[in-house]
Amino acid sequence: MIADADDWRTRDLAVLWHPCTQMREHPHALPLLPVARGDGAWLVGFDGRRVLDGVSSWWTNLHGHAEPRIAAAIGRQAQTLEQVILAGCSHAPAVELAERLLALAPREAGRAPLAKVFYADNGSSGVEVALKMAFHWFHNRGVAGRTKFVALTGSYHGETLGALSVGDIPLYRRVYAPLLLESLFAPSPDAFGARDEAAAIACAERAADALAALFDAHAGEICAFILEPLLQCAGGMRMHHPAYLRRVRELCDAYGVFLIADEIAVGFGRTGTLFACEQAGIQPDLMCLSKGLTGGFLPLCAVLATQDIYDGFLDDSRERAFLHSHSYSGNPLACAAALASLDIFDADDVLARNRATAARMVALAAPFRTHPAVAEVRQLGMVVAIELHPEPDNREDGHAVEIAGRRGLRMYRAALDADVLLRPLGDVLYWMPPYCIDDAQLDLLAHATATALAEADRCA
Ligand SMILES: *Cc1c(COP(=O)(O)O)cnc(C)c1O
């Protein structure tokens, strides 16, 4: 039993090692937020205090915390089949979810559709799956030397060693550099600072030209190019024009390189369409889905692949098979949660409702454009990013690290004092709320942001 918030903090710090945290900062610099339960967009403390989840609990939550329809689906599934080995066995939720994801996946005229689903149990593992599949496919073809992956500067694909190898956030990566694969990095098409669409397209074209040059210089060495379509999230909520994705698709085809779309954070409506690739009209060869896949209830990852990739592993030899597995691959509870989440998209017409919510977010964020500390306000679907001018004395590679530097901490605390959980990514304050957020909650979000910006001003 947890008696009260202080008791809770003491017991927590006695036994827990928190993710992505310098534990020295707890509890003084960085207060721990005790959460007793969730209710829609609210996190509710032991004392009944309500804090708005402005970051959808690390971008996982879609329809609200403790959403009753998803909770009920998990409960029903738990009483039917909680888990079964997915090698050699099959179960209804895994099959139904695969059918539905493939039917919803981005389509491109004249290209064979994504046709198979491989389950992993979290985003990083799914990225590992996609990278290994791409490499192994060439290996099975007898093609030697296609051992390199290409990723974008400012990219983030997870924390396991393979996923970290294709990531480009120095503070997360640097220490482990001696252990990592040698990936190639192409410049991000990031349109930060672009005045209008023409300027954003120019960024996209320049970056695509650089990618072409990289592909050319390493022809025959590259097996896959991985990117976060339209929105580099952990890299600072940086956005790019869909024109880049169209060029990428052409270049990957021209150089025989697999295109891996990491839609782990942007999938399931976050950018306005169900999947970000749709906005460019392109279809990847491999697509990774996680985070919002289960509505934010349970860890699960689905890697969608083309028939061609799948066929490359069919053989009499087991060595040519994809012998990758996770104990909980395709867990029935997680698949049931994902099916219930997809049902909610239909029942509540979530994408249409989000268009109205996103318009309101844009209107509420507009006044921040003229704030002296703010360099840019940008928006894509259900994401608003308010980028501040760099903090002069921040030596922490803080541009893309959560709650970095003195200013990051002060903004985090100011927002929390105003009852909103915001985790600034270095210089970027962003909104990524659950889709169920209502008008009053949006007003609170804007108010807390104004408070945090006032605090940022005081640091300057
Ligand atoms: C969060 C994230 C991952 C890693 O997912 P985990 O479930 O945290 O391992 C990979 N790619 C992107 C784009 C992400 O945002």
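Each residue's number is its place along the chain shown, starting with 1.
Each Cβ is built from the backbone N, Cα and C atoms, and glycine gets one as well.
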- Task: Let me know which member of Asp168, Asp262, Asp285 TrEMBL also records as binding pyridoxal 5'-phosphate at the site of Gly123, Ser124, His326, Ser327.
- Result: Asp262
- With Trp58, Tyr156, Lys291, Ser325 listed by TrEMBL as binding substrate, identify the candidate in Arg413, Arg423 belonging to that site. Arg423
- Return the members of Gly123, Ser124, Ser325, His326, Arg423 (the binding-site residues) with CB less than 6 angstroms from at least one atom of ligand 1, or none. Gly123, Ser124
- Task: Express in Å, rounded to the nearest integer, the largest CA to CA distance found among the pyridoxal 5'-phosphate-binding residues Gly123, Ser124, Asp262, His326, Ser327 named in the record.
- Result: 22
- Take the C-alpha atoms of Ser124 (pyridoxal 5'-phosphate binding site) and Lys291 (substrate binding site) and report the distance between them in angstrom, rounded. 11
- Query: Do you know which of the binding-site residues Ser124, Ser327 has the most other C-beta atoms within 10 angstroms of its C-beta?
  - Reply: Ser124
- Query: Cα of Asp262 (pyridoxal 5'-phosphate binding site) to Cα of Tyr156 (substrate binding site): how many Å, rounded?
  - Reply: 9
- Item | Site of maximum Cβ density within 10 Å, from binding-site residues Lys291, His326, Arg423 | Lys291
